[in-house]
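Engineer: Have a look at the structure that comes next, please.
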Amino acid sequence: MASSSRQSSARLDRQIPSAKTIRPKPHARSRSVASSGFSIDASDSDSGRVRVAIRLRPKNAEDLACDSDFIDCVELQPELKRLKLKKNNWSSDSYRFDEVLTETASQRRVYEAVAKPVVESVLNGYNGTVMAYGQTGTGKTYTVGQLGKEDPSERGIMVRALEDILADASPGLDTVRITYLQLYLESIQDLLAPEKTNIPITEDPKTGEVFLPGATMVEIRNLDQFLELLQIGEANRHAANTKLNTESSRSHAILMVHIQRSSKHKEENQVSLPAISVNSEFSSRNVPVLLKSKLLIVDLAGSERVDKSGSEGHMLEEAKFINLSLTSLGKCINALAENSPHIPTRDSKLTRLLRDSFGGTARTSLIVTVGPSARHYSETSSTIMFGQRAMKIVNNLKLKEEFDYESHCRKLEYRVDQLTADIERQQKFRDTEKVEMEERLKECEMSLAEAEKFRSEKFEGLQGENTHLELKIKSLLEDINLQKDQNNVKTEEITRLTMSLKQYKKYQLESSTYQKVLADTTQMHEKTLLELTKQLEAEQSHSTNLEGQLAEIQQHLGDTKRSVQQRVVDELNLKLQDMSKMNDEFVSKIHSLERVNEETLSEKELLKEEVRISQQKLLGEEKRRKSLEDEIANLKKRLSDCCVELEDKKAYKEESLVRSTSGLGGSMKVPKSSKLRETISGQRDTITKIFEEGIWPC
Ligand SMILES: Nc1ncnc2c1ncn2[C@@H]1O[C@H](COP(=O)(O)OP(=O)(O)OP(=O)(O)O)[C@@H](O)[C@H]1O
């Protein structure tokens, strides 16, 4: 039966006519393994040991039909993790596996037991391999490659692994890429780009890492995309309808999942896997580290006995290649299990591709699938033995960490770009700020110059005003002094007038005729004088107030001058306003003072006039008093003359009387007349004295 694409072929259950066991032969070639990096350790506790699980396929229709009379050759003891392989009813061999999965084990259970630890390890930066090995038709593709599009519970290891990887990967930070290949007729073909055939395998001479230049590598962003790609790959995979499997894979399918993770995950690794020796080349340095890991999920083509599978022609050719590659894999496993110095990895492309999985640095899980039928005892036994040998292989798990130059450079470039942009922004901001500051500085300088100009102008104006005011104050002071002098003169005059009045009072008694007039005049003058005195006092106090105000103004002017020099322009304006206001007030005060002064002057004039009139009146009164005095003197004289005449007449009369009476009495006449004269002259002196003292009765 010729091989065909799975896309075109339909799944059909059919009878398996015959069976022939293909056993891998030990390889004869010897080669040094010093550089292969593998070791063998039987201890189960070694985490690098290849883990092997065995899965039993449920009986299919053929098994049920053919084996009804026979007992199954496989009996599972999952609780003991053991499998009993029955040769016949009385003879059996027991084998221990890491996991024993019964025919009822779910796909999820199988994934978690077999693949999940490997997937987790891969996510932590280690290479990993999950591989299904077994006789044709025992469920390798079902276990590994089932898509489960309609029933997610049917999903195989590939889908579940990618599901977990994508769930754990950080978008934008981690990358997940796949390559899906098939090894068909010893030729590597790209299942995602089937035109790419015979893809060469290259190896890094230093690390032994395998590369497949030219193979398509697709970055996976979500599970749907991956399912689509898997479907494409499945459609391109060679499959054929054989007697043992209606859809027998005629190629080994290899899904390579390349994971790149940032150093963030490395730290997590170190926490989660403390027991594993981590290459901490970069751990001490604070540099980004890239973890590169690779997961291989391999669905091997089934080993088949062509007599059983009925392969002939091209299928026979395919079967030969399949068996050859499986044989070389078996040889490598044997060699590794036996700690052979030579591992024949170069014998086939399959072993070259799986070099890291067995005896390399990967964590490897192998699931061996077997059927229950005793008809395939030898194939089942061979599969079990393959698994048993594989269990002995211990890989050296190695964390592959690289200094992430690329992302570091990207990050640095990004940071440099950011910083450059920042610097440019800051530079621009600084330039703008500088321009603004310069403009502001210019404005400030201009306003300062203006303010300075204004200040000096104002200062000059104020100085002028001040000088003017000082001059005015000086002239006012002079006026005040003058007024004071005049007041003093007036006071003196008033004092003199008071004195005159006092004197005049003396004469008041002398003349009763003018007494009343004089009294009225005096009263009026006294009143006037009192008022004048009051006005003078008021003027003096006003003048004192003015002087005080002037002193305050001068003080204030001094303060204002000082504050004008010290304070800023706006304060200066304010002060100037205050000053001008005060100046106005002062000017108005001066005006009012001038008015008062004028009024005082006019009052003074009036008073002067009144004084003059009073003086004139006084002079008149004086004249009249003098004339009165003259008259009084005349009267006195006349009185004295009259008295003398009267005395003379009296004396004559007495003399005449004496002479007439006799001459006896002549001696007595003289003494009598001289006595009278003495009396009259005494009276005259008394009258004169009375007049001089002003006590002459009116
Ligand atoms: N555990 C299982 N439960 C149910 N069905 C299964 C199980 N294992 C295998 N089968 C069925 O058995 C048939 C053969 O399985 P599958 O194609 O996976 O075998 P295979 O080992 O890949 O064979 P080949 O090597 O020829 O490709 C399929 O129809 C599959 O659905």
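Here, residue 1 is simply the first one shown, and the rest follow in order.
Glycine too: its Cβ is placed from the backbone N, Cα and C atoms.
Sharing the features that TrEMBL gives for it:
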BINDING   G134, Q135, T136, G137, T138, G139, K140, T141  ATP binding site
COILED    434-486  coiled coil
COILED    590-645  coiled coil
COMPBIAS  1-10  compositional bias 'Polar residues'
DOMAIN    49-393  domain 'Kinesin motor'
REGION    1-44  region 'Disordered'
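Help me understand the surroundings of these features in the structure.
Structural biologist: G137 (ATP binding site) falls within neither a helix nor a strand when secondary structure is assigned with DSSP, and so counts as coil.
Summed and averaged per residue, pLDDT over the domain 'Kinesin motor' (49-393) gives 87.
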Engineer: What is the set of residues, excluding G134, Q135, T136, G137, T138, G139, K140, T141, whose C-beta falls within 8 angstroms of the centroid of the C-beta atoms at the ATP site?
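Structural biologist: Once G134, Q135, T136, G137, T138, G139, K140, T141 are set aside, the remaining close residues are R57, A132, Y142, N245, G302, T369, G371.
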Engineer: Would you mind checking how many other C-beta atoms are within 10 angstroms of the C-beta on T136 (ATP binding site)?
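Structural biologist: T136 (ATP binding site) is surrounded by 29 other Cβ atoms within 10 Å.
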Engineer: Looking only at G134, G137, G139, the binding-site residues on record, which one has the least crowded Cβ, with the fewest other Cβ atoms within 10 Å?
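Structural biologist: Ranked by other Cβ atoms within 10 Å, the binding-site residues G134, G137, G139 bottom out at G139.
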Engineer: In the structure shown, which of the binding-site residues Q135, T138, T141 has the fewest Cβ neighbours within 10 Å?
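Structural biologist: Minimum Cβ neighbour count within 10 Å, taken over the binding-site residues Q135, T138, T141, occurs at T141.
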